[in-house]
Each structure stands twice: as structure tokens, then as C-alpha cells.
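To start, the structure under review is shown below, and the notes come after it.
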Amino acid sequence: MGKAITEKILSDHSEQKDFKPGDIIDVKVDFLLTNDISGPVAVQEFEKMGDGELFDNNRVAIVLDHFTPNKDVVSANVSKTMRDFAKSKGITHFYDAGYGIEHVILPKDGMVKSGDLVIGGDSHTTTYGALGAFSTGVGSTDVAGIMALGTTWLRVPEQMKFVLKGKPDKWINGKDIIVYIISKIGTDGALGKSMEITGDGVKYFDMDSRFTICNMGIEAGALNCIFNFDEITEIYEKNAGVSNYKIYKSDEDAEYDYVMEINLEELQPMVAAPHMPSNGRPVTELSDVNIDQVVIGSCTNGRIGDLRTAAQVVKGKKVSPNVRALLIPGSREVYLMALREGLIEIFTESGFTVCSPSCGPCFGGHLGILGRGERCVSTTNRNFVGRMGDKSSEVYLASPAVAAATAITGKITSPTEVA
Amino acid sequence: MIYRGKAIKYGDNINTDVILPGQYLNLTDERDLAAHCMEGIDSDFVNKVEKGDIIVGGSNFGCGSSREHAPIAIKASGVSCIIAKSFATIFYRNAINIGVPAVECPDAIDEINEGDILEVDIEKGTVKNITLGKSYNATVYPKSIQNLINVGGLVNYVKSIRGVN
């Protein structure tokens, strides 16, 4: 019997070879990341764990992206804690405020790569499955434990397969795929399981779209979400200057507990209505909803491909006077690319406010927090109650194309109506 | 270990954003976090919670963010354990790591009323609803997780591996 890609990567990172779903195995971690939310608590716990030695100061990244640039003294002290810790431990990969979002930076800088086993103190660490890596999120004490040992335990996941078929419309983004999937299986549809995205249709999705899909696997409860390595992955890794990656692909006869086929030709742009990522509906069903704010950015959709798509929609048009539109490039590099390509000019002329690279308002930290009863269309990944501000506010999750079209009209709009 | 306390009940998909809203994630002191526990869904929680209380959730309890601030806030509120139909993977790990028992007991949940007195036996894997006079079987932790709990959580586990006191 063949093996799925996730099983192969886990097997190569564990001394236990003969495992089955549900077994608890110990695994070696290739790369660990943490940020200014999970990091400070991890540092506290790490200090309690003994001799203060990191398992490897070259295989830990700290990224200050959530409360940065610091909005107040409390956040500034949190950043300082991490800055001091990185310095005292000689952590090589320290990304200070303004560099950008962890899940945008790390694959681009070649820190995480195909075939790796990556653990992060952030639930959206599932993002790196797009590279054909195993990646999953943990909390602070687990981060501390891995900083000390370089190993952790995992419950071996059951395998789920999502087969993309046919050719999608030009406005379909990875966001539409994953919102559609979650609308079908629910926020616990993949609880503790592995989601593999495969099929002939994957060739229509670039790495930026694949990162988006894997990023939101956690919104279905998945342990990890993953693509098989292909030509698109290879080009991305070469552009990132990575050569020492490892290629994994599922066997033809690998077994899955669940298989879903998705016909890309029938797929419409999707919007997840409040207050669950599983409330996905075709954009046309929500066309009467008026919007106060639009956010384009985050670890889900803050990459250059996302900005190019959104710019295509807004070019030469004005943001609705009823909308505050925010553009938050996912990293300084994305910002610079957008600047050089003229995208920043397009957004600014149309009435967008361009913010410095960070997580922004996604998690309700700062920048663009919503007031009472306000509605936002956002390219971020969660729309829980109060996620972006006041408990009575609402977040609608959508692709960059839908978000851009919505910014122009002031109500939820399909890009086909504007562009 | 047996935990006995009064039930504070919530529904399905209680996410970490409502347990501990994002605006407080720059706080690290557990007392500060406890002051905002469940604020996103139940602003009365901090007033009604008493030492030893048991939080009861539906399916997928703790979904969403990896923020350990959520189980830390629950623990610091005096909650002795959490029972639910199922737990989100990261929350489950976090709870175990910091010593908050997270017990899966799908059969017991629907019949529990807010305020019922519950008794949870971790080793035996049972939940008793004292108020209703009923007993239910709960999922028992795998052996390796039980070991982690027995040594007092991940910090002690790592210390034991590294041979430090």
C-alpha cells in the first residue's frame, strides 16, 4: 500500500516508522518559528526548562509582526522581550518590526522549504504545506519545549484528499477554493487530520494561491494542509534561492479516509459571512450587504500576486466614499515590489490607505479596528465574533479580487461587475 | 485525579478569540488574562466563575488561534477542568501542557445544565453528573500524554529529559 505525502514526511522525521492514524509519535523539527504573541509566553516557559540552551540557534525564527510597529508601551515591552531574547541566545533569524508577516517572509527567504517539518507558535503555520512541507501550529509552551529539545510529539493524522478538477475562471483565487471546502466540511471537518490538495486543477494555482489555501486549512481544524511538490513549487524554490529542499509526492495508491472532488469550472468567487469561516456563500448571494471597511493583506492574502489582482480591479477607479480601504503588504519585499510595479500608486490614487507590513487589524490588535455594528470585507482568515474589533462588528472573508471590487462599490461585489 | 465543580456551559465551536480577545494578547500576566476570560462571549463569566468550576463545551472547543493565553486565562480563573464533545488540536495540546485537563466526553454534554455539579475522573475516564445522578464514559488520554500530565506538564517533562531540576 502506498503512502500519502504527509505520512512520508512524518516517517522521515521520526524513529517510529510503523505508525497509523491516531498514534502518538515523536518527530524531529527542522524549523521553529514564533512571534510577538506566542513568543513572550514561550520565553517565560523556556526559562523554566533548565539550562537555557537552544537546540539550534540557526533553526529558530522570531518575527515581530502582530503588534508592530508598537501601538503602546505594553506592546513595545513585548517586542523588547523578544529582541533581547534573540540577542542573548544568538538567534540568527530575527525579523524586527516592519519586515513583515512570518508566513509571508519565511518561505520567500528560504527559511522553510519543501520537505521540511516546520512547527510554529501560530495556528496559520499550516501555510507552508503549499511548498510540500509538513507544517503545523502550536502554543507557547510547545514552542518553548521545541526550543529546548528540537523535537515534539504529534498525533498521526488521518488523510483527507481534495481533488481539483477543470479550469477555473480568471478571478478565482486560492481563497475561493478553501472557503468553498470549509463551507462543505465545516470548521471541524478536518479536526486533527491532514488535508491534501491535489488533482489536475492544481496547475492553475500559483504559490501565492496555494499558500492561501494551506493557511486556512486550520480553519477546518486540520493538523496540516499540503500540496504535492510540482513544477510550480520548483520554480518558487529556485526563485527563493533554495536548493537543498526535498521532494515528496503521494503515491498513486495511497489510502484516504475521505475524498472530495471540486469542479473548478462551476466555482464562483466565495465569501465567508459572519461569524464562521464555514459560512461560505457565492459572492452573488451577498450582493446587498453594505460595507464600511475593506482590508487587503494578512498572511492569507498579502502577497504580491494578491496585490496584483486587487490592483487590476481598482485601477482607474475610486474607492466608495462610504468605505475605508486598507492595503497592507505582507512584507517589506512585497511592498517594494508593489512600489516598483506601480501598484502602490494605483491603490493610493484610488483612495486606499497603504499601511506598513504587519498582521494589521486581522486579529483585532491595532490598525483598522471596527466600531459598533461596522462591517468589513477582508482578505484575512477569520471572522469570529469580535475578531476585528467591537463584538457587534462583522467580518466577511473574501479574495483580493472580491475585496477590491467591494471597496469600489461599497457593497459586496463580484470582480466581474467592476473590472 | 478527580475534579468536582459546577458546570458553566457553552455551545459548539467556542473559539480562542472569544475566550481571550486579540486586543489583550500583549498581556502575559495570568491575572490580567483571567480578568478578560470569555469576554468575547460571556461578559458575566468573570463574575460568576468560582474556584473548581468546570467549563462545558460542545464540539471543536478552542478552535482558532494557537494563543496559549486562552487556556492560561481559563486556568487562572480557577477553572479545574474543561469537558467538551471534542477539542481543537492546538487548544488540546496547550491545555495539557499547562495542566488544565481537557476531557472529551461527547455523551455527557447535551444533558448537562448550567450549574449542575459534575465530577470528572481523569484516570478512569468518567464524568458523573451528580445533579442528574448519571455517569458517562469519557475518552482516556493515550499513555504518553498521561505521562506528560503525571509529571506536571511540558516544562517538567522537558526538565526530566534534560536531567535538570
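Placement of Cβ uses the backbone N, Cα and C atoms for every residue, glycine included.
Cross-referencing A:Cys299, A:Cys376 against the [4Fe-4S] cluster binding annotation in TrEMBL, which names A:Cys359, A:Cys362, picks out A:Cys299. Annotation for A:Cys359 ([4Fe-4S] cluster binding site): same-chain Cβ neighbours under 8 Å, separated by at least 6 residues, are A:Asp65, A:His66, A:Ile101, A:Ser298, A:Cys299, A:Gly365.
Those residues of the chain, other than A:Cys299, A:Cys359, A:Cys362, with a C-beta within 8 angstroms of the mean position of the [4Fe-4S] cluster site C-beta atoms are A:Asp65, A:His66, A:Ile101, A:His124, A:Gly297, A:Ser298, A:Thr300, A:Gly302, A:Ser358, A:Gly360, A:Phe363, A:Thr380, A:Asn381. Counting only residues at least six positions away in the same chain, the Cβ atoms of A:Val295, A:Gly297, A:Ser298, A:Cys299, A:Ser378, A:Thr380, A:Asn381, A:Arg382, A:Arg387, A:Met388 sit under 8 Å from the Cβ of A:Cys362 ([4Fe-4S] cluster binding site).
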